[in-house]
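Copied from Swiss-Prot, the annotated features are:
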BINDING   24, 27, 40, 43  Zn(2+) binding site
(Lines of atoms letter the chains of each structure in order from A and count residues from 1; the text may use other names and numbers.)
(Lines give C-alpha, C1' and ligand atoms only; values in the text may rest on other atoms or scores of the structure.)
Protein backbone atom coordinates (compact mmCIF):
# COMPACT_ATOMS: atom_id res chain seq x y z
CA UNK A 1 0.00 0.00 0.00
CA UNK A 2 1.06 3.54 -0.70
CA UNK A 3 1.92 5.87 2.14
CA UNK A 4 -0.94 8.12 3.17
CA UNK A 5 1.23 11.22 2.76
CA UNK A 6 2.02 10.33 -0.85
CA UNK A 7 -1.65 9.73 -1.68
CA UNK A 8 -2.68 13.11 -0.27
CA UNK A 9 0.26 14.76 -2.02
CA UNK A 10 -0.82 13.27 -5.36
CA UNK A 11 -4.40 14.46 -4.81
CA UNK A 12 -3.30 18.09 -4.59
CA UNK A 13 -3.09 20.13 -7.79
CA UNK A 14 0.58 20.41 -8.83
CA UNK A 15 2.24 23.77 -9.36
CA UNK A 16 3.10 22.71 -12.92
CA UNK A 17 0.87 20.40 -15.01
CA UNK A 18 3.71 18.08 -16.03
CA UNK A 19 4.33 17.16 -12.40
CA UNK A 20 0.93 15.48 -12.07
CA UNK A 21 0.80 11.69 -12.27
CA UNK A 22 -1.79 8.95 -12.11
CA UNK A 23 -2.30 6.66 -9.14
CA UNK A 24 -4.40 3.56 -8.79
CA UNK A 25 -7.78 4.47 -7.28
CA UNK A 26 -7.93 1.18 -5.43
CA UNK A 27 -4.46 0.70 -3.92
CA UNK A 28 -2.57 3.94 -4.66
CA UNK A 29 0.17 2.38 -6.79
CA UNK A 30 1.86 5.05 -8.97
CA UNK A 31 3.19 2.79 -11.76
CA UNK A 32 1.46 0.84 -14.57
CA UNK A 33 -1.89 2.62 -14.22
CA UNK A 34 -4.49 2.05 -16.96
CA UNK A 35 -6.12 5.41 -17.70
CA UNK A 36 -9.27 3.71 -18.99
CA UNK A 37 -9.97 2.09 -15.62
CA UNK A 38 -7.93 4.28 -13.26
CA UNK A 39 -6.43 1.10 -11.83
CA UNK A 40 -2.96 -0.42 -11.79
CA UNK A 41 -2.23 -3.60 -13.75
CA UNK A 42 -2.42 -5.75 -10.63
CA UNK A 43 -5.86 -4.47 -9.61
CA UNK A 44 -7.12 -4.73 -13.21
CA UNK A 45 -6.03 -8.36 -13.34
CA UNK A 46 -7.60 -9.22 -9.97
CA UNK A 47 -10.88 -7.48 -10.79
CA UNK A 48 -11.04 -8.97 -14.30
CA UNK A 49 -10.58 -12.50 -12.92
CA UNK A 50 -13.31 -11.84 -10.36
CA UNK A 51 -15.63 -10.53 -13.10
CA UNK A 52 -15.88 -7.05 -11.55
CA UNK A 53 -14.88 -5.18 -14.73
CA UNK A 54 -17.71 -5.19 -17.29
CA UNK A 55 -16.68 -5.93 -20.86
CA UNK A 56 -13.28 -7.39 -19.97
CA UNK A 57 -12.69 -10.97 -21.09
CA UNK A 58 -9.67 -13.22 -20.97
CA UNK A 59 -8.17 -13.41 -24.44
CA UNK A 60 -7.45 -16.72 -26.12
CA UNK A 61 -6.17 -17.36 -29.62
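Note: Cβ is positioned from N, Cα and C throughout, glycine not excepted.
In the three-state DSSP scheme, residue 27 (Zn(2+) binding site) is classed as coil.
Secondary structure from DSSP puts residue 43 (Zn(2+) binding site) in a helix. When the binding-site residues 27, 40, 43 are compared by the number of other C-beta atoms lying within 10 angstroms of their own C-beta, 27 comes out lowest.
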